[in-house]
């Protein structure tokens, strides 16, 4: 079994990168955190600020500002760098500029001799995870996007608030694109041990009419946040930290990450958000949900949209 030193590098020290670092320190996930940014003074300042709180955390974490060469012996490199989503802009609108940024970053990481696991948190995450995989030359199992982890926790939050229960007792997934074409899998959503479709219309808290409203609210949460504060970062910070924790601790946890499909769900050669088993080898298995007809159709549309965007990035497209 692979033994980790629990050394993690984070590329990009904007709101998302520092939120990931902050979440990891508070949870004692890593032993060493390296912050890498084109603005070295910024990464140095963030490292100093984060270190000031380490003594109140669960573990003693060494946090410092480095460069790409320091990724050489990292267990995980988390990539957050890229252009930010602006009000009125979809995640897919970012694709051209961020694809080029991603290629440059990954090339710099791989030049260091890095041979660990890449976790991608830049948007549009499904497309950029594919770009990172191609640029890295790593096995598909060791290139993981944050996928629909954030969408899934938003989904569980909405249901928990409506039903007045702990969100940790809501079991359900958002799959597909992390974005406008994402799919809520109602057919496999459980409240405790009870299917949610058996609960619908038995309580005034949740009716059939509420289901599409909830799906849309989950889908549009990012836009709502961006309209109010220009960026989202705490939720994705905690979601990314959860993925890193599963890898470093070899949890074999089922998480809705952006993983490579090679025949699963009837799809080929695409990264998208689906439940997958995550441990110290990266993604070791894809969990295939038995989707109903409507969910299959929506998932197909979501994947098709991602493939169209990928095709637009090809030189001769």
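Note that Cβ sites are derived from N, Cα and C of the backbone, with glycine treated the same way.
Here Swiss-Prot flags 178 as active site, proton acceptor. The number of other Cβ atoms within 10 Å of the Cβ belonging to residue 178 (active site, proton acceptor), over all protein chains shown, comes to 31.
Feature annotation from Swiss-Prot assigns NAD(+) binding site to 16, 37, 42, 68, 82, 83, 104, 121, 122, 123, 146; the stated evidence is sequence analysis. Residue 122 (NAD(+) binding site) has a Cβ environment of 30 other Cβ atoms inside 10 Å.
Annotated substrate binding site per Swiss-Prot: 85, 91, 123, 124, 125, 126, 151, 152, 153, 154, 232, in sequence order, evidence recorded as sequence analysis. Note: residue 153 (substrate binding site) has non-local neighbours 167, 235, 238, 239, i.e. same-chain residues 6+ apart with C-beta under 8 A of its own C-beta. According to DSSP, residue 153 (substrate binding site) sits within a helical segment.
The Cβ of residue 156 (beta-D-fructose 1,6-bisphosphate binding site) has 167, 168, 170, 171, 172 as same-chain neighbours under 8 Å, each 6 or more residues away in sequence. Swiss-Prot lists 156, 171 with the feature beta-D-fructose 1,6-bisphosphate binding site.
Residues or ranges marked as phosphotyrosine in Swiss-Prot (evidence: sequence analysis): 223. For residue 223 (phosphotyrosine), the number of other Cβ atoms no farther than 10 Å from its own Cβ, over all displayed protein chains, is 16.
Each of the binding-site residues 104, 123, 146, 232 was scored by other CB atoms within 10 A of its CB, and the lowest score goes to 104.
Around the Cβ of residue 42 (NAD(+) binding site), the same chain contributes 13, each under 8 angstroms and 6 or more positions distant in sequence. Under DSSP, residue 82 (NAD(+) binding site) is assigned to coil, being neither helix nor strand in the three-state scheme.
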